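Record features, source TrEMBL:
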REGION    1-21  region 'Disordered'
DOMAIN    16-119  domain 'Cadherin'
DOMAIN    120-218  domain 'Cadherin'
DOMAIN    218-278  domain 'Cadherin'
REGION    391-450  region 'Disordered'
COMPBIAS  391-420  compositional bias 'Low complexity'
DOMAIN    453-505  domain 'Cadherin'
DOMAIN    506-613  domain 'Cadherin'
DOMAIN    721-828  domain 'Cadherin'
DOMAIN    831-910  domain 'Cadherin'
DOMAIN    906-1014  domain 'Cadherin'
DOMAIN    1026-1127  domain 'Cadherin'
DOMAIN    1144-1237  domain 'Cadherin'
DOMAIN    1425-1624  domain 'Laminin G'
TRANSMEM  1639-1660  transmembrane segment
REGION    1840-1929  region 'Disordered'
COMPBIAS  1875-1889  compositional bias 'Low complexity'
Amino acid sequence: MRRRNVETNEHEPRFTHSKYHRTVPENIKTHSSILQVHATDDDLDSNGLIQYSVSDPENFAVDDGGVLYNLRPLDYEHTNGEYLLYVYAEDQGSVRSDRKRSRVPVMLRVENTKEPPWFDNDQYSFAVSESASIDTYVGTVVARDADGDFDRYELQELTPPNTFKVDNQTGIISVGGPDFNDVWEFTFKAVAFDTTGLSSSVSVTVSIIDENTNKPVFDNCSDISVKENQPAGTGVALVKATDADHGVNGEVSYSLLNDDPTFTIETRDGYGHIFTTRSSFTTRYVPIFQHPIFNPTPPPYPHLPTPHFQPNTPPHPHLPTHHSHPISQHSILTHVPSLSSFQHSILTHVPSLSSSQHSILTHVPSLSPSFQYPISQHSILTHVPSLSPSFTPSSNTPFSTQHPSTPSSPNTPSTPHLPTQHSHPRPFSLFLPTPHLPTQHSHPRPSSLSPSIRFVQVLDRDGEDRDFFLTVIAKDGAQPASESLQEACNFKVDVLDVNDNAPIFDQKSYIQNLATDHNLELPVLRVTATDPDTDQNAEVVYSIDGPLQNTEYFTIDNHTGYIKLAKPLDPGMADTKIFSFDAVATDKGSPPLHGSAVVQINVIQSGSHPPELMSIFPEAPLIKEDVPENTEVMVVCVDSKVPGKPDLYFNLFLGNTVDTNSYGTFAKRDLPKSDSRCAINQRGVVIFVDSRTLDYETVTSYKLLLQAVVGVDVNDNSPWMEPNDGTTITENSSPNILIGTIKARDRDISEEFRTLVFSFDNASPDIESKFELRSNGELRTRVALDREEMDTYGYFIPIKVTDGMEGHENTGPFWVTVLDLNDVPPQFDKTGGVYVDQVPEDRLPGWKTGINLKVIDPDIVNHFDFQIVEGNEKNKFRIDSTTGEVRVNSILDYDAPTNDRNPVFEKKNYTFTVTENVDCNMVFGQVVATDPDLPSNVDQNIRYYLSQPELTNFTIGETTGDLSIVNCLDREAATRGTMTIYPGAVDAGGAGHDADPTSVVLYILDKNDNHPFIQSPDNSYHKFMENAPPATVTPLTIQLDDKDTPEHGCPCTLSFESFTPQDIINKFEVSKVEGDKWQYKLKPKVMLDREAQKFYELPFRTQDREGVEGTRYLTIEVGDVNDSPMTDGSSAIQVYNYQGQFPTMVIGSVYVTDEDDDDVKDKYFTLLPTDGQDQVDTYFTVDYNSGKITMEKGTPEGTYTLKVKVDDRYRNETATGTVAVLVVDLNEEAVMQSGSFRVAGYSAHQVLQKGEGSSSLYDRLKVEIGAIHNINSMNVDIFNLKDAEGGVDIRYNCHGSPYYTAPRLDGLMLQSRTELMDALNIDITLVTLNDCLYESSSPCGTGSCQQFLRPNLTSPLVVAGDTTTMVGVDITPEYNCVCGALEPPPSACYPGFCLNGGECVQQNNTLVCHCGDNPEEYGPRCELKSARFNKGYAWYQAPKVCMNSSLYLSFNTKEQDGILLYSGPTVERPWSDYPKDFLYIVLRKWTLEVYLELGTGTVRMFVKLEQNTQRTYDFIMTWNDQGVTVEVAQCLDSIEPITPPECRQSVPLMGAMNTSHLLNLAGPLQLGGIVTMANLDKLAMSYKWTIVPPNVVPFYGCIEELRHNDFLYDLNSTDYDKNTYKPCGAPIPAQVVMGKQSIVIIVVSLLCLILLVLLILCLAHRKQKAVSYNDLDGIVKETIGGSDLEGFGEKDMTQYDLKLLRVGPDGYLFSDQKDTGPPSFTNPVMHEGLYGEPDHLARREENGRTPGVGVVTAAKQRRQAPLAPMSEDLSIGDFINTNIKKVDKDSSDFDNVRHYCFEGDEMSIASLSSIGSGGSVESDSTFDYKNDWGQRFEKLNDIYRRDSDEEDDSDFEFPSVPRQRKRASLPPRVKETRSPTSSPAHSPSAMGDLGPGAGPDLDTFDPSSQITRGSQRGQPAPVTKVEDKESWC
C-alpha cells in the first residue's frame, strides 16, 4: 500500500477592499484599464491560485491580474451615469466542486461627456423624379442624440449646393432647386449637429428617376447607296438616333417598318446597323419536259451550206420554223433628236423565209421602190417628253419591273414568240423557263426533276432593285413598352450599278438576204444590242468578228450597229455565197463585257417582195408621260405584196430592256379593214399605250420592233401571267374600288387566240368575300379592308388565266398589301384615372406640371399630335405635340392668332449711349419690327411695349418704337454702367403674335455725381469692446472708394462733419494713414461703456479729387463685457399650435434682468421643479448652456409656468427666470377664415416690443380688434406676424362660437380702419392680403386667380420681443391661375363633407349627401339654397376672380323695389390702387338693373320684368373679354316657352386696348341690402365710376338660389346678417295691429300689474327675510342670465357673475370700476343702417336683436343696462347672498352658476357633468343652434327649450338648419386624445372652451397664478374626447 496525501481547500479568496469606487469619463476608449482589484487566498497550494471574473461580461472584463477594463463604450445617458457590477475571485482547487469564490461590488460613476448625434442608418438612398418641383419630398434622415441636445441638420458636399435642402429640425430632405442639370445621381453628406457643435455625418445618395419625356431624334436621315450584287450581311448604312432621356428611357433600339425582306437592321453600340439579307445563289429543282422537236427545215437552196446550229438545239424560239406565206418584219425608229443623222433604210433578204427586213428611221416618208423582199422588219423608237420633274408613277401599277428571260446564256435574245406550223415532230429536252413563262400543257408532264442553278435574291439594279424606300423606327426602352416613345426616319437606298451584264442582242442570230446589186450607201442590216446596266456600263460599241473572207465585205457603225457593204458583191455570188460572222457588242464598263450574235448574209439575186411598209403616222411620235392607257401612239400601214392575199398578222416584240418594251408598255391592235387611214389593199395596226408605266426620268425614248407576217395563225401557245409585285390599297377604301388589272400575255398573234379570261384559282372564302376578280383581269374590292385585323397586313390571291382552249391555263399569285391609314383614333391611357396635378402659381414658363399623357394606338407609325382643345384659359399651359407632356406656357394672355408668323425685329441687338444725369426725358433710340405676313411697303401695324419693371426708367412709342428715358439715369445704379432692356412687339395692332424680344444695351457715360463712400469696414460697421483702455485698442482702418470712374474718384479725404456732436468728438479721433490716398484710422479716445451707450453713429465728410463731397456714416457698436448685475426676470411665450401638429421645437429663451447683452456664454440654465405642474418637465426642456426653451411635440394646450435658475459663472450670481407659456391649439378653420392687414413702419419684432411703460402693439391690437367685434380680447388670436415690404403683415382670427368668417373680419376691419389707426397711432396700408385682387400685380396677370393659404406644419413662425415671444403659424399664400376647384373631389366621406348636418353616403364611387326631410331645399352637398329677406341683409364671400364668369340668381319679390346683390367697395378709396370693381343688382319699379364696373368704365344694363309677386325670376349674367350679357328667362310672361329678345341684353366692355374683363371684388358679397358702408354717391366720386348707382331700399322677398360659375352659395354660411330667415319657407314674424280701445285696455292692465308688484315688494321688504322660492332652488343651480344676448351664453365661469342683476338707479352696472373699454366701431344699427331707414335706433328696438356688434360713439361709452326702478324695501343683495349660502351647502355634484357661452373664462372641475356638459355624441336630438341650447346642453334643452320664436306668434316649426362653420366643407381635423390635465381651448368638443386668444394678456399675465386654461385653482378639468363633432352656443 501507498499513502496518498489529500489537499484540503480550507480558505476562500479575500479582496483587499470591501468595495471599489472609480469615476471615469464617458468617452474613454474600449479596453481601457479602469481599476485593479486584488484578492488573496491563504491556501498555499493550487487552492490559493486566483482567477477573476465579472458579473457584466457584455460590457466589462477582468484579466488575471485583476485589471478591470471595458469591452464597449460607456454610456452615461442610459445608465444614469452609474455601473454597479461584481468582480468574482475564485480559487483553482483541483476539485471543481470544492472551489471557493467570493465577490466584491464595484461602483463606476461615469462623467457625462458631450457626444455627437448619431444616425440610425450607415447610409441613406433615396430616389426622386426628374420632374419633381421645388419642395418635393425626397426622404428623411434620422439622427439621435443621447445627450438630448440635438440642434439641427445640414447638407454638405452637395454640388450644386442648392439642389436639395433639409429641414433643420425634422431631417426631411426635399428638392431645393428647379433643375438637376442632367445629373442622375447625387451623393452628399447629411450632418447632424448638437448645440455644443459636435456633429456626425452620413452618406446620402439620391438617384434621379428619369421620366420618359423625350423621343429619339435621328441625327441624319439623308439618302444612302449600296452597290448591287452584294452578298447577304453586307453593311449598308449606320443610323443613329439619340434620346435625351437617361437610363433605359434613353436606350434606343431600331427596327424596319413592315420587315423589309431585302434589308435587316440590328441594334448595336447605340447604332442601327443596316445589312442586306439576300443570298447570292440558290439551287432550285425544275421539272424536265419531253417536247416534240422538228427537223431543221432544209435550206431552200441545197447548194448553200446549212446554218451552224449546235446539235440538239431547238430552232430560235421566237422565229418560225416553217411558214407557207412570207413574213414582213420592220424595225421602226421614231423621232429621236440624237439619232437624226440616220437617213437611210436597209433591207436584207432571208432566203429560207422569203422575207424582208427593214430598219426604218423617221423622216423617211416611204421606202425605196427597189424594196422587193418578202420579209420586212422595223424598229420603232418612241420619244417620251417629260411632264414635270416631280411626277411619280402610280404606286398601284401592278406590274413587275423585270421581264422574264429564258434560262439560256446571257446573250440569248428575248425575241417575241411567233406562230409556228409544226410537222414531223421529234422529242427534244428543254429546261423550263422561270414560272413567269407559260407552260405548254399540251405536251407530256415532267418526267423528272433536275437541279438548276440560278442567280437570285441579290440586289439587282438591272432588275427591279434600283432603289428602296426604308423606314427605320427608333424606339426607346421605356417600360412598360406601351409608354415608350418612337420616331421614324425615312430615306432612300439607291442601288449603284455594277457592270455585271454583257450586252445582249435582240436576236441570237441575224439572217439576211442580200442582193448582189445592193447599193453600198444603204445599210444591209442593223443589229441591236442592249445592256441592262446603266450609264457607261450600258453604252454599247459594235464591231464584227470572223474570217477575213467574210468580214472584208462588210463594215459596221460602232455606234448604231448598221452593217453596210464595204465593197460590191460579185453577181456570181447570188444563191451561192453565204457570209457568216459575229456581230460583237462591247460595253464601256470596267472591265468591259462582250456579247455576240451570229450574222448570216445570204447573197441572192433580185426576185419576190416581202411585205412592204407603206406609211407611219405620225412619223416621229411624241407622247407625254402622263397619258392615259389606250392612247394611240402611231398607225403603221403595210402592203403584203402577195396578190390576192392582203391579210397580215402583226406582232409587237417585247425586248430585254425597258426601252425595248420589256414591260409591255406598248401594245398593238389591228385596224379594221374599213379604216380609211390605210389604203384598201393595205393592212394597218395601231400601236397604243397599254400600261401607265411611262416615266420620263427613267426612259426618255423607246425602240419598238414590229413584225408583219403573211400566213395563218393557230392557237398553239398558252397564256402566261406577266410578272408582278402585286399592288397596294389603303385600308378603309370604298368598296368596288379598282385595285389593279392583272396582265397576262399570249404568244399567238390572232386576237381570237389572245382573248384571255381571269378567275380565282381555288381562293379561300375570305378572299372571295373581300375581292372580286372580273374576267378582264380587273381586281376590285367587295368591302372596305381593315389593316388592323390582318397579322401580315396583306392578302395572297391565287389567279388563273386561260385563252379558252382546254389545257391552256396558267396560274400565278397576286399579292395585295393593305396600307395603313391612321384610322384608329388614339385612346388616352386612363388606367390610372384622370390626370390630375397641382401646379404652384410661381412656376415659370417651361416648368413641368407632372402630367404626361399616354395614348394607345394600334396603327403602325403614330406621329401623335397632342393638342389642348379646351379649358386652357389664356394659354396658361402648353403640351408637347409629340410626347404629350404638359408644361407651363406663360403667365401672359395671347389672343387667338389672326396670322401665322411672328413679327421680327430688324436687329437682334441694339446699342445706344447716353450720359447720366444729363440726357434726361429724351428719346435716345428706336427699334423697328416688321410683320412677315405683310408687304414691306405697307403699314406693319406693330405695337411696341416694354415690361412693367422696364417702364420705371424707360418708355417706348407704342406705334413708333421710339425709346425714351424717364427722368434721368444713374450710371452707378446700373451694372457696370450698362442697362439692358428687351422691347417686345405684337402684330395685328397688338392683337396678334408676339415677336421674339430684341435686346437694347444702353451704355451710360459717367458724370462726377457721387462723393466717396466707406468701402471698409463692411456695411460701415465696427465694434470696439467696452472697458478697454484706449491705448490697448487696435485702430480701425477706414478704406474710401468712389463709385464714379477713376478720373472722377480718389484720392479722397475724410473728416468729421461740422455738425458732429461734441460727445463723439470727445470720444473718437480720426487720422489719415501716411502715404496712402485712400485710408484713414479711427480709434477711441476714452474707455467706452456699453451700458451707457450701445451704438454711435459717426458722421464724416468725404470729398473726391474734384471737390465733390457729402456725408457718410460709420456705425460703432460698443462690444459687451459681462459687467452688469443679474436679477430675476419674467417673460411670456404664446404658442399657437396649428392642429396640435407642431414638432418638437425651440419656442424662445429664458429671460432675466441683465443689462449685458452678450453674456449668455457665461450663464448656465437649470429648469426647476414646479409644484403641481409635473407636465412642465414632460413637455418642456431648457438648454443648460443657451437657455433655449424646447417644447415637445404633442404638448397639450394650456398655461405652463417654467421656473429656471440662471447661474452666471463669470460674476458668480444666481437669478430666477420665470417664463409663462400659453399653448393654444388652432384648427384649420381658424387659419383659413382669418382676417389680414398690413401695418406700415413696423417689423414683426417691433409689434411685440413693449414701449416705455406701455403695452406692446400686439396686445393693443387684440383689444381694439375685440372691440370692433364686441368680444373680449382673449377671443382674438393674432397668430402670424410676417415682415413685408414697407411693414408687417398680420393675420388673426376672432371667435365667439364658431370662428368668424373672413368676409366679416376683413369687411369690418376695412370699415373701422380709420378709427383703429387713430386709436393706435399706426398706418394700415392694406386690408385683405390677396394679390389676386390687384390686376396690376396679380401673379396670374390678366387670368383667373385664386389664393390658397398653405400652413407650414413643420416649421413654425417664431417672433421674439424683449420679454414676449409669439410662436405662430407660418403661412405661405399660394396662387392658382384657375377658377375651379383647387383640389380633386374626395373619394371617401369625411365629417364636414356634407354641410348643414347632411349625411354622406358613398354610392357608385360617388359621394352623395342626404339632406334631411326637404332635400329640394339643398344643393348636392346640402348647401341651403334659399333665404328670405325682410328688409335685411347677409354677408358672404365675394366671387372668385375668373376670366370667364357667370352669375345665376333666382328670386321672387314682394315689392317692386329692392337691393338684390352688391359686392364691391364699402368705404371711400383707402389707398390708390384699391380695386374699384363692383357689381350691383337692384329692382326699381319692376325693372332689373345691373351695374358692373371692371376697372375701365361702369356698365349699366336693365331688363323689364313682369309685375308678378307670385312667380320666380331666373337671372343669368355672363362676362368675359368679349363683353357682358344679362338675361331674365321669360321676363315678361312666365307662361311663354321662349324667352323674347327684350329679356336679354349684351354690351361690350368699356375701354380701348386695355379692356379689363376681371371682376376684382375686395368687399363681401351682400345680399338683400347693404350695411355699414359709405353712401353710393360718395363711393362713385371716390372711385370715379362713370355711372352713379342708385340708392334703393332693402329687398323684401326670397332668394331661391345663387351660383357663381360652378360654386353654389350656401345661404346658411353667413355669420353677419339681419332680418334674414332661412330657408324661404320660414314664416314671417307676426305683426299685431292695435286700435285705440286695445291700447287703453293694455295701459290699464299694465298699471294694475305695476301696483300689484309694488305691493308685493313692500311686504317682502318689511319682513326683512331672504327671498326663497322652492322652484328657484333647482334653477339657481343652473344658469342665471339671458340666453339670447349676443355673446351671452358663451362663457363658462366658475364665480357667480351676477352683474346683470346689479343695476344702479342711474341705469349703470354696479362695479368697482366703470367699463371704459374701447368702443365698437361696427354696430350696423347705431353706426350705419340700411338705406331708406334713417331711424336706426328705433329699428333696433323694433327688431329686438342686433347683428351681434356693439355701439359706436365718438367717445368711449360705458355699457348701459336698461333702467330698472327699484323699491327701497327690496334688496337684491339679500336675495343673492341667501342663495349663495344655499348653494355653498349643496353637495359638490351640483353645477356652477355660470354664463355658458362666454368663451375665455375658466371652467371648473366637473363642469356640468350631471348634464353632460362635456358633450355627448349619442344624442339624436336636432337643435336650433342659434336659438336653442345645443347638443351639449340636452338636459337644459329639455327644461328651457322654446317651442316658438319669441319674436313672432307663429306656430310654424322651423326646419332643422343648424348654424355651421363657414369652412365646414374642409377636411376633418386630426383626431387626437388630449391630456386630462388641460382643456383644449379650441376644440368644439368641450363646452366652454377658451378661444385661441384666451388666457392672460402677454403683458399683464401673472405666471404665479398657475391657472391653466380650462381649470380652476390649478386643478385639471375633465375633458371628454369627442371625435369629429362640433359644439355650438
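Using the three backbone atoms N, Cα and C, a Cβ is placed for every residue, glycine included.
All TrEMBL annotations are machine predictions without curation.
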Mean pLDDT across the domain 'Cadherin' (506-613) comes out at 87
Quick tally over 721-828, 906-1014, 1144-1237 of CB pairs under 8 Å to the domain 'Cadherin' (1026-1127) gives the top stretch as 906-1014
Comparing 16-119, 120-218, 453-505, 506-613 for Cβ pairs under 8 Å with the domain 'Cadherin' (1144-1237), the winner is 120-218
Its residues classified by DSSP, the domain 'Cadherin' (453-505) shows 3 helix, 26 strand, 24 coil
Grouping DSSP H, G, I as helix and E, B as strand, the residues of the domain 'Cadherin' (218-278) number 4 helix, 30 strand, 27 coil
What DSSP reports for the domain 'Cadherin' (1144-1237) is 14 helix, 47 strand, 33 coil
DSSP composition of the domain 'Cadherin' (506-613), residue counts helix/strand/coil, works out to 11 helix, 49 strand, 48 coil
